[in-house]
Amino acid sequence: MGICMSMYTQVLVPVDADGDHHILWSRFYERWGSCFNPCAGLVNCLPPHSSALYLCHRMEARSRAPRRQLCPPGITWLALAYLLSCLLASSKAKVFSRCELAKEMHDFGLDGYRGYNLADWVCLAYYTSGFNTNAVDHEADGSTNNGIFQISSRRWCRTLASNGPNLCRIYCTDLLNNDLKDSIVCAMKIVQEPLGLGYWEAWRHHCQGRDLSDWVDGCDF
């Protein structure tokens with residue numbers, strides 16, 4: 001059983017043969033659930049073929065018609081969650097100093113991991129992101145490179161637009177905050193690939209085979 005709130009609406013309708021218009025007061029109903037006919041008030045004061053009555057019934061039918069849902073509920077919540085994570089990530093972004101980043105990497109055990117010393121990792125981070133945890137680079141195919149190591153959404157992390165394997169099992173926005181844990185754990189997984197740090201073009205072009213001691217010189221661990 002529905003609940004109705006009545007109201008009166010002013011309706012301008014042609015009621016004379018000469019085309020004159022009269023103002024009629026018709027009682028309408030705004031309905032919630034199952035309720036009365038909202039056009040009932042016009043039925044008693046207009047001819048059966050009145051254009052105003054016809055329009056009223058059309059509006060009533062439209063109001064009762066089910067509305068098309070633009071997005072499935074799951075997609076809507078996913079979009080909201082992704083947007084929220086983007087906002088949170090941007091609020092926690094940080095640009096590290098050289099020694100500050102070297103210490104973080106040292107504490108996470110990157111020095112010597114898979115045969116690469118700490119300077120390799122610091123050099124990589126500089127030439128990929130400039131030590132900026134919030135760095136995002138957009139590729140022509142729609143994929144993104146994310147965070148301090150510019151980890152690609154093609155294979156390693158997930159965005160709303162990507163259908164990649166997400167091998168690190170994280171959202172790409174998780175790589176954009178000043179807590180480096182997700183970025184480092186994912187990078188450690190990437191470096192297990194046959195190319196090692198050679199997976200990153202920046203490391204091959206700027207760091208590989210060079211004296212990198214300056215990257216950690218003067219840093220206190």
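Heads up, the Cβ atoms here are built off N, Cα and C, so glycines get one too.
According to Swiss-Prot, the disulfide bond annotation covers Cys99-Cys219, Cys123-Cys207, Cys157-Cys172, Cys168-Cys186. The annotation domain 'C-type lysozyme' is assigned in Swiss-Prot to 94-221 on the grounds of sequence analysis. What Swiss-Prot lists as topological domain 'Cytoplasmic' is 1-69. Here Swiss-Prot flags 91-221 as topological domain 'Extracellular', drawing on sequence analysis. Residues or ranges marked as transmembrane segment by Swiss-Prot: 70-90.
On the structure: features taken from Swiss-Prot.
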residue: Cys99; record: disulfide bond; contacts (Cβ under 8 Å, 6+ apart): Val216, Gly218, Cys219, Asp220
residue: Cys123; record: disulfide bond; contacts (Cβ under 8 Å, 6+ apart): Trp203, His206, Cys207, Arg210, Leu212, Trp215
residue: Cys157; record: disulfide bond; contacts (Cβ under 8 Å, 6+ apart): Asn146, Ile151, Asn166, Cys168, Ile170, Tyr171, Cys172, Asp174, Leu175, Cys186
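Of all the disulfide-bonded residues listed here (Cys168, Cys172, Cys186, Cys207, Cys219), the one with the fewest other CB atoms within 10 A of its own CB is Cys219. Applying DSSP to the topological domain 'Extracellular' (91-221) sorts its residues as follows: 53 helix, 12 strand, 66 coil.
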